[in-house]
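**Student:** Dumping the structure here so I can ask a few things about it.
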Amino acid sequence: MITTAPASGSGEFRFTDDDFRSLAQLAHAEFGLALAESKKPLVYSRIARRLRARNITDFTSYMALLKSPGEAEERLELISALTTNVTSFFREKHHFDTLRKELVPQFEKQPRVRIWSAGCSSGQEAFSIAMTLSDTLSETSLRNARILATDIDPAMIRKASAARYAREDLTTIPADMQKNGTRSCAEDPASFEIATPVQRMVTFGELNLIEAWPFKGPFDAIFCRNVAIYFDHQTQHRLWSRFTGLLRQGGLLFIGHSERVAGPALESLQSAGVTTYRKTVAPRPDPAR
Ligand SMILES: C[S@@+](CC[C@H](N)C(=O)[O-])C[C@H]1O[C@@H](n2cnc3c(N)ncnc32)[C@H](O)[C@@H]1O
């Protein structure tokens, strides 16, 4: 997830244990990130880029900058530097097969379909959901299907909203969905675009998952994959409970390949396949909310 880096002592900037702890506290309080001491050299390498970009010569001054009220954008640069935006169309394809087999037949009987891609990065996950629904749902059901896609990183939301990707990203989209769900890009032959009907199914927005959520659900499915991996256990448990509270009975939660649901949410979820959980009974209220 985080690339290799020079040892913090031998780098271009002084990076003390206190600097690391202060940065880790801020990243935890603002974004729920868990930065273990063992990550210090890796964090150094990521944050050194921000010091260079801002022409700052030491970490203590960078910490002071991060804490100033006018530096909300730099705090977002910090989370971008500490996490990765890696994603692809139909990543962990088995989840889209499960969506198709387990939920689509039920969707045909519902007045509306709502799915959330939480931590959507540059949008490939949300468009993969939209293409799967376009490929399987009747026209009437499709008209009532909406996908909400959120990420903390405004640069990713801008990229997702543009719905334009490099041609090599096409390779993981199944051929029939390439045909109906994408179009070539007249301005740039090295890129392709998502077809307008598929784009219209998705609404993108900025959202920090550890803050309040401005919607109530219920959702038929929530995809939150390869995001919670950055959070400490307590933050993860709370997130799983909050997602469970927003799922309808029988709805599915899809998580990343190296993640597991744990904590109180498990009382209301049962396994429904690889890194997939189905909501069974009403969850306990979250005492922290
Ligand atoms: C590795 S990408 C995962 C993208 C996609 N879900 C997938 O699995 O392909 C992780 C995303 O989580 C976002 N993220 C990290 N912390 C977040 C937070 N506190 N709230 C919302 N999004 C966050 C990052 O900006 C990044 O785009």
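Numbers here mean position along the shown chain, with the first residue as 1.
Every residue gets a Cβ built from N, Cα and C, even glycine.
A TrEMBL annotation is a machine prediction, not a hand-curated record.
Dumping what TrEMBL says about this protein:
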- Asn85, Thr87, Arg91, Glu125, Asp151, Asn208, Leu209, Arg225, Asn226: S-adenosyl-L-methionine binding site (BINDING)
- 8-282: domain 'CheR-type methyltransferase' (DOMAIN)
**Student:** Looking at Cβ-Cβ distances, which residues of the chain lie under 8 angstroms from Asn85 (S-adenosyl-L-methionine binding site) while being 6 or more apart from it?
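**Tutor:** The list for Asn85 (S-adenosyl-L-methionine binding site) reads Ser121, Ser122, Asp153, Met156, given in order along the sequence.
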**Student:** Could you tell me which of these binding-site residues, Arg91, Asp151, Leu209, Asn226, has the greatest number of Cβ atoms within 10 Å of its own Cβ?
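**Tutor:** Neighbour-count leader: Asp151.
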**Student:** Find the longest CA to CA distance in the recorded S-adenosyl-L-methionine-binding set Asn85, Thr87, Arg91, Glu125, Asp151, Asn208, Leu209, Arg225, Asn226; express it in Å as a whole number.
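**Tutor:** Taking every pair of listed residues, the largest Cα separation comes to 22 Å.
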**Student:** Within the domain 'CheR-type methyltransferase' (8-282), what mean pLDDT does the predicted structure show?
**Tutor:** 94
